[in-house]
């Protein structure tokens, strides 16, 4: 009902885009989700198609491939941050999501981290690279693992970021797809900010190339949607 305010049983692209943005996924992933859900390409989703979009959002948030084959997999419901619904907000603030890296695994990853002689608690790319290559995973996958795990983009991995990298490597070795963007559950608690505004910023530059004028609006919406959590 939140999205289909006129109760037409259909959701327009512009309304859905604003709503789906609240999932915290990148424009690229959301575009792919839209293309899969909007089967007839009319820019309108009926109820069934909208549910497909929601399922795909859930898949992406849980690190699964955004594809129709993922629709049959069991996934937790999608998470959206939304100010108008206190239920959604309290239960889905990213700081509440338990970290996907389990304690016993973290101990293993820490041991590897320490064995690589970190300097000031950081490992340079040169030190991490052999460990990643050792997994024998394809280089493009390892590149994505590095991109996702270097959360503060400083070209170094700290203990928590290294754990994320190892977690993703082990997922990939288990034939699980490496997500396109880091799911909230994988962001280390030490890297979570109560207001994740920096995460919302990259949406703005991409909007200049977008075909849809609506797309330049959501980042402001995201900032507003996150604000109440600071009170």
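Residue 1 is the first one shown; counting continues down the chain.
Placed from the backbone N, Cα and C atoms, the Cβ positions cover glycine too.
Copied over from TrEMBL:
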DOMAIN    1-81  domain 'EH'
DOMAIN    25-60  domain 'EF-hand'
DOMAIN    105-193  domain 'EH'
DOMAIN    137-172  domain 'EF-hand'
REGION    198-231  region 'Disordered'
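Here the domain 'EF-hand' (137-172) returns a mean pLDDT of 95 for the predicted model. Sorting each residue of the domain 'EF-hand' (137-172) by its DSSP state yields 25 helix, 3 strand, 8 coil.
Broken down with DSSP, the domain 'EF-hand' (25-60) shows 25 helix, 3 strand, 8 coil.
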